[in-house]
Amino acid sequence: MQHNQLLEQLYSGHSLSTSESTALFNAVIQGELSNEQIAAMLIALKVREANTEEITGAVAASLQNAKVFPRPDYPFADIVGTGGDGQNTINISTASAIVAASMGAKVAKHGNRSVSSKSGASDVLTALGVNVNVTPEQARQALDEIGVCFLFAQQYHSGFRHVAPVRTALKTHTIFNILGPLINPARPTYHLLGVYAPELVKTYAETAVALEHQHSFVVHGSGLDEVALHGETQVAEIKNGKIEYFTLTPEDFGLKTQSLESLRGGEPQENTQYLTALLQGKGKAEHANAVAANTALLLKLFGYDDLKQNVQNVLAHLASGNAFKTLQKLTTY
């Protein structure tokens, strides 16, 4: 089916199958559509709300066109959020990735520049001295040797440049805001995925099943695309093609409720100071608790099932300052 027919289908309010969506997004990524066509397509998908098939197709096209990452045969994870929750918190998932790796897990973190916050994963890592533009081979070497690497979305998904001007002009959430966490070019074994809106938990979970994720958590924490300590966290656990929905509270992690305000970050430079202090064992207790809760759930994917024990282990590890050594090693690649 030609692009125009697929677009016409969207304009008339009909949804696309996975294969149709893959074909249309292939055309977008390969630069075959005009900006006007891309804008119309994104708005049509937004007004009706993209369904699981359409998101799955978009993910498939993104991965088919991505720069190849030499995938290891050992289990590894990603911890990543959609961004766009508008809360301007410190970089919790970036810190959690470094801490988990320092504790022995393997994490290939996929990330980008800031969407809506002042400081996205690549912004803060660059400020910390990490080269986010390493080659896939160098990133793989870091994953092998120190347990963590960063995959900069713009480097692996260069076809997204065709969409960038349209997204900038539209200034609204589109399907591209929700693709990021699902299109890690390393194709991780495990995923901890944060979403900016509660209604995305189910959509994401169903998409993870369609993408045949081995074991994933999708979380939305009372307005955050992370595990929350200021309220409840809605969770979908995807394992062997099945989805289980449940809620986690701070008590489930053995932690007290704390204000969202205590996690406010700022520009990359400010967030860098917070993360450096945290990884050195000199950070704010609220920051340590938030990172401990998120890292605890990430470690559960690796078979460490006791969340409260995981939190205690993470807090002890943070206090030791060893996580900072992992960050220092990451800056050498």
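The count begins at 1 with the first shown residue.
Just so it is clear, glycine is given a Cβ too, placed from its N, Cα and C backbone atoms.
Source: prediction; values computed, not measured.
Sequence annotations record features per position, and here Swiss-Prot assigns 5-phospho-alpha-D-ribose 1-diphosphate binding site to Gly81, 84-85, Thr89, 91-94, 109-117, Ala121 based on sequence analysis. What Swiss-Prot lists as anthranilate 1 binding site is Gly81, Asn112, and the listing cites sequence analysis. The feature Mg(2+) 1 binding site is assigned by Swiss-Prot to Ser93, Glu226, with sequence analysis given as support. Marked as anthranilate 2 binding site by Swiss-Prot on the basis of sequence analysis: Arg167. Positions annotated as Mg(2+) 2 binding site by Swiss-Prot, on the basis of sequence analysis: Asp225, Glu226.
Structure with Swiss-Prot features highlighted.
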{"residue": "Gly81", "record": "5-phospho-alpha-D-ribose 1-diphosphate binding site", "Cβ neighbours (10 Å)": "27"}
{"residue": "Thr89", "record": "5-phospho-alpha-D-ribose 1-diphosphate binding site", "Cβ neighbours (10 Å)": "22"}
{"residue": "Ser93", "record": "5-phospho-alpha-D-ribose 1-diphosphate binding site", "Cβ neighbours (10 Å)": "28"}
{"residue": "His110", "record": "5-phospho-alpha-D-ribose 1-diphosphate binding site", "Cβ neighbours (10 Å)": "26"}
{"residue": "Asn112", "record": "anthranilate 1 binding site", "Cβ neighbours (10 Å)": "20"}
{"residue": "Arg113", "record": "5-phospho-alpha-D-ribose 1-diphosphate binding site", "Cβ neighbours (10 Å)": "16"}
{"residue": "Arg167", "record": "anthranilate 2 binding site", "Cβ neighbours (10 Å)": "18"}
{"residue": "Asp225", "record": "Mg(2+) 2 binding site", "Cβ neighbours (10 Å)": "26"}
{"residue": "Glu226", "record": "Mg(2+) 1 binding site", "Cβ neighbours (10 Å)": "28"}
- For the residue listed as 'anthranilate 2 binding site', which of the binding-site residues Asn112, Asp225, Glu226 has the nearest Cα in space? Asn112
- Determine, to the nearest whole angstrom, how far the Cα atom of Gly81 (5-phospho-alpha-D-ribose 1-diphosphate binding site) is from the Cα atom of Asn112 (anthranilate 1 binding site). 10
- Task: To the nearest whole angstrom, state the Cα distance for the pair Thr89 (5-phospho-alpha-D-ribose 1-diphosphate binding site) and Glu226 (Mg(2+) 1 binding site).
- Result: 10
- When distances run from the Cα of Glu226 (Mg(2+) 1 binding site) to each of the binding-site residues Ser93, His110, Asn112, Arg113, the nearest one: Ser93
- Message: Considering Cα atoms only, can you say which of Ser93, His110, Asn112, Arg113 is the nearest neighbour of Asp225 (Mg(2+) 2 binding site) among these binding-site residues?
- Response: Ser93
- Using DSSP, would you call Asn112 (anthranilate 1 binding site) helix, strand or coil? coil
